[in-house]
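Right, one structure below, let's go through it.
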Amino acid sequence: MHFLIPAAGSGSRMKAGKNKLLIDLEGESLIYWTLKSVFSASSTNWVGIIGQPKDKNLLLNSTKDFAHKVHWINGGDTRQQSVFNGLKALPKDAEKVLIHDGARCLINPELIDLCAKQLDENEAVILATKVTDTIKIVDNEGFIKETPDRNYLWAAQTPQGFLVDRLKKAHKMAIDKNWNVTDDASLFEMLNWKVKIIEGTYSNIKITSPIDLKIAKLFVKNP
């Protein structure tokens, strides 16, 4: 399985003053923990890290023994552009790809393998968890408009897996139509292409704030 990891997080909400994937988690960088999980998955055979050139040396150095196993890909101005750069950098024989947020460093390798396996039967899959909170849709003035049925609500995670040719086509169409999305599954939705949900775990959090880092430390100490 080919694997792409967007790794351009600025760390502004973490107040880190550097790429957040360089932040320490129990003695190792976040990107190190992410790669440890990715390479622990039996389906992984090629990994590309997509980041900004200024971060290249620091990120690769922080991955330690994994540095010689990954391929560096220069990112774009947005996550969407960066993923498209990653798709163009894949080996010509790549048929399937998993895309995973670099800041989701607690991903279970077995879930990675499950996503890879599900691509044998689906052209697009994503990890997600059932929403347990009551969600409110509000208007521009902050008043509640409606409460959607949470039985139909899922919180999207990564990895998100796709057939490479299909995802490339979706990205090219997004460029032509000037679409801007926050994840790749959204492109498939806009094109009315099916995306299969695979139930993930609540531990697969994205590190975006100091409280997330504290939670991640608990999971690392108590796997």
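One is the number of the first residue shown, and numbering goes on along the chain from there.
Just so it is clear, glycine is given a Cβ too, placed from its N, Cα and C backbone atoms.
Copied over from Swiss-Prot, here are the features:
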SITE      ARG13  site 'Transition state stabilizer'
SITE      LYS20  site 'Transition state stabilizer'
SITE      ARG150  site 'Positions MEP for the nucleophilic attack'
SITE      LYS206  site 'Positions MEP for the nucleophilic attack'
Give the sequence-ordered list of residues that share a chain with ARG150 (site 'Positions MEP for the nucleophilic attack'), lie 6 or more positions from it, and have CB atoms under 8 Å from its CB. LYS130, VAL131, THR132, ASP133, THR134, ILE135
Using C-alpha atoms only, work out the spacing between LYS20 (site 'Transition state stabilizer') and LYS206 (site 'Positions MEP for the nucleophilic attack') and round it to an integer in Å. 11
Out of LYS20, LYS206, which has the highest number of nearby Cβ atoms, where nearby means within 10 Å of its Cβ, if these are the recorded sites? LYS20
